[in-house]
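Student: Found this in TrEMBL, in case it helps:
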{"type": "BINDING", "residues": "Gly132, Lys133, Gly134, Gly135, Val136, Gly137, Lys138, Ser139", "note": "ATP binding site"}
{"type": "DOMAIN", "residues": "14-84", "note": "domain 'MIP18 family-like'"}
Amino acid sequence: MTDADERTRAIEGDVLDRLARVIDPELGRSVTDLGMITGVKARPSKDHPDEVDLTVHVELTIAGCPLSRTITDQITGAVASYPGAHLTPHIEVSTMSADKLADLVASLKAERRRNPFTKDTSRTRIFAIASGKGGVGKSSVTANLAATLAALGYNTAVIDADIYGFSQPTLFGVHQQPTNVDGMLMPVVAWGVKLISIGMFAGSERAILWRGPRLQRSLDQFLSDVWWGEPDVLLLDMAPGTGDMAISVAQALPNAELVIVTTPQIGASQVAVRAGLVALQVPMRVCGVVENMSWFEHRGERLRIFGEGGGRRVSEQLTTALGVDVPLLAQLPLETDIREIGESGRPVVLDQSGALADTPLASEFASLARRLMGC
Ligand SMILES: Nc1ncnc2c1ncn2[C@@H]1O[C@H](COP(=O)(O)OP(=O)(O)O)[C@@H](O)[C@H]1O
Ligand SMILES: [Mg+2]
């Protein structure tokens, strides 16, 4: 081997090492592990002898994968920052053969088993965000809490378990469908959060399948048909009511813990207590209570539009009924931005760049997030 050959072999090896750190954003695995890199070839450039032409062959899992650009950009980045030599990357993209893809999916499925969150070794904290009534802010709290957790560095997932009244796709500004890799769905990643919602399937054949008698099984399907990887935290945005879904959650996710959302109003708090009492029927821990729409700040004054005391009342009554401490974890203000920016598709706790905003509300969510993860 000539010196030049040795140098190009060394570069190929180094580049492969670097590509092992490029993670497929959907599968959460390195592109080399997934067999997506099928060749790396370095050659001294004909025109510039001190430069090296580097060709990387990439096989995507499916043709026209929406993230192919992200993947190729990351590969280009990993190559471009190579120290000690000037590499000119040529990325050649093709698609895996049907057989190779089937093998890959089979091996991922085998490893995933059915519901990844029931494994004893699962370290995922699971919080079901529930209330008795609709309209108290479960979905807004879920979206902002998830965005905060992700911004704090937690690998965060959300299941929109409100099958009829889904709102997470709107709150996260998601318009695309989950990618279907040979029968396994990839959650859509928005604002750093992995998200799945029945709202993403509207109009597709799959929606018809999901709206049929299998609707009751939707949670099971969300858990077993979706590739979740190993998130640090999973939030479930629950439907209003105290009923069946809570019981399905307890069965499918024995580690799930409840967070009860209420407004300061007596009426809302009474129903919220009932939502928490589900923990008497099923073994589910109740982590605490979040009071939403606690006040509206007007010229420095806190106006208690919906009255006062609902959160504290729910916390006290559940503490007594369940015989364990159910703390009031947070009180959140009524702010038009929560609705307006939320409806525009960005959780209001984030600024436009996706970082945690420098606002009192974002700090409030950050302390709620830390409290939940620490408890
Ligand atoms: N703290 C808040 N300040 C202002 N508007 C809010 C707040 N929390 C929720 N909302 C708005 O109230 C409505 C109901 O909230 P949502 O999160 O959908 O409740 P739920 O999921 O409990 O039905 C939505 O329009 C939402 O934007
Ligand atoms: Mg909702």
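Backbone N, Cα and C atoms are what each Cβ position is placed from, and that goes for glycine too.
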Student: For Val136 (ATP binding site), list the number of other Cβ atoms lying within 10 Å of its Cβ atom.
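Tutor: There are 26 of them.
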Student: Which binding-site residues from the list Gly132, Gly135, Gly137 come close to ligand 2, meaning a Cβ under 6 Å from one of its atoms?
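Tutor: What lies within reach of ligand 2, judged by Cβ under 6 Å, is none of the binding-site residues.
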Student: Quick one: of the binding-site residues Gly132, Gly135, Gly137, flag those whose CB is under 6 Å from ligand 1, and say none if nothing qualifies.
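Tutor: The binding-site residues passing the 6 Å Cβ test are Gly135, Gly137.
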Student: Run through the Cβ atoms and count how many others sit within 10 Å of the one on Gly137 (ATP binding site).
Tutor: 23
Student: Using DSSP, how many residues in the domain 'MIP18 family-like' (14-84) fall into helix, strand and coil?
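Tutor: Tallying H, G and I as helix, E and B as strand, the rest coil: 19 helix, 20 strand, 32 coil.
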Student: So if I draw a 10 Å sphere around the Cβ of Ser139 (ATP binding site), how many other Cβ atoms end up inside it?
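Tutor: Total other Cβ atoms inside 10 Å, all chains included: 24.
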Student: So which other residues, same chain and not among Gly132, Lys133, Gly134, Gly135, Val136, Gly137, Lys138, Ser139, have a Cβ within 8 Å of the centroid of the Cβ atoms at the ATP site?
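Tutor: Result: Ser131, Pro240, Val261, Ala268.
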Student: Averaged over the domain 'MIP18 family-like' (14-84), what pLDDT does the predicted model reach?
Tutor: 83
